[in-house]
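K.L.:
Before I ask anything, let me first share the structure, which is written out below as structure tokens.
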């Protein structure tokens, strides 16, 4: 039995829930939201789809005790109204840090011992807080982090070269936010180092990095939220846990060196973060990583002062 829970049913959480049900990925699904009416509405909208699907999902709502035997919790709480177009994911900082302080202890009290995949922004800060409040081992809590930003980089590079984005490999690292950076030393296109490809095709890597960083705001400026890409990322990570895939990918994982969660290459499997895939970076990229991680750590520390 594959049992999921989704906490927070805004655009992203609802998209996650819809995908889990319509793709037949969840045998049981627990929906939790601060708004009872919204939660019930999502439950019945999904229940009404079951009669036309080839799979079945039991859907329960607003019951933290149901988390005890869940395999995976996907946290997607947030306040989209707190965001503006200035490119700052910390617009949700106050709302979501308070939400994490409310949700985390309830998850702990339920006896949950599965894996938490966090989406809520600022992703790295909230992942750090959820691990603290739930008391789960650090490997059992991680965030989508730069998994999505890496996909945006792949899209930008792929578009520039008329290549399938899956032909582009490599990592965006650091904060899921403005201090992130593309580690170009890790990026290859159809097996060729990006430095060679960029030279041959007159690519502006700085502009492509900006496209990856600003990708979410491009979507947000048009429809005032994002949902499909981030939901896809969260579900792919969750399935990597369920199938013990040992998926090598960037995610928001705990780095002891910085004392917080940071977007970094990792291996995802049954226990969550199976390992951190420590990567040797050029000095310039290492400095960017340190600066980004220190920014996250400073935000976390501000909550303790």
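The backbone N, Cα and C atoms fix where each Cβ goes, and this holds for glycine too.
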K.L.:
Report the candidate from 96, 113, 139 that shares the NAD(+) site with 8, 9, 10, 11, 12, 13, 33, 119, 120, 121, as recorded in TrEMBL.
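P.N.:
According to TrEMBL, the candidate sharing the NAD(+) site with 8, 9, 10, 11, 12, 13, 33, 119, 120, 121 is 96.
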K.L.:
For 8, 10, listed as binding-site residues, tell me which one has the smallest number of other Cβ atoms within 10 Å.
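P.N.:
Comparing Cβ neighbours within 10 Å for the binding-site residues 8, 10, 10 has the fewest.
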K.L.:
Can you work out the mean pLDDT of the predicted model over the domain 'Lactate/malate dehydrogenase C-terminal' (146-302)?
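P.N.:
Within the domain 'Lactate/malate dehydrogenase C-terminal' (146-302), the model's average pLDDT equals 97.
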K.L.:
Cα within 10 Å of residue 176 (active site, proton acceptor): which of the binding-site residues 8, 10, 12, 33 qualify?
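P.N.:
If one measures from the Cα of residue 176 (active site, proton acceptor), no binding-site residues come within 10 Å, so the answer is none.
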K.L.:
Using a 10 Å radius around each Cβ and counting other Cβ atoms from all shown chains, which of the recorded positions 12, 119, 176 yields the largest count?
P.N.:
176
K.L.:
What's the number of neighbouring CB atoms sitting within 10 A of the CB on residue 121 (NAD(+) binding site)?
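P.N.:
Its Cβ shell of radius 10 Å holds 30 other Cβ atoms.
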K.L.:
Below 8 Å Cβ to Cβ and six or more residues apart, same chain only. Which residues does that give for residue 33 (NAD(+) binding site)?
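P.N.:
Those within reach of residue 33 (NAD(+) binding site), by Cβ under 8 Å and sequence separation of 6 or more, are 7, 8, 9, 13, 39, 42, 62, 77.
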K.L.:
Helix, strand or coil: which one is residue 12 (NAD(+) binding site) in, per DSSP?
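P.N.:
Residue 12 (NAD(+) binding site) sits in a helix per DSSP.
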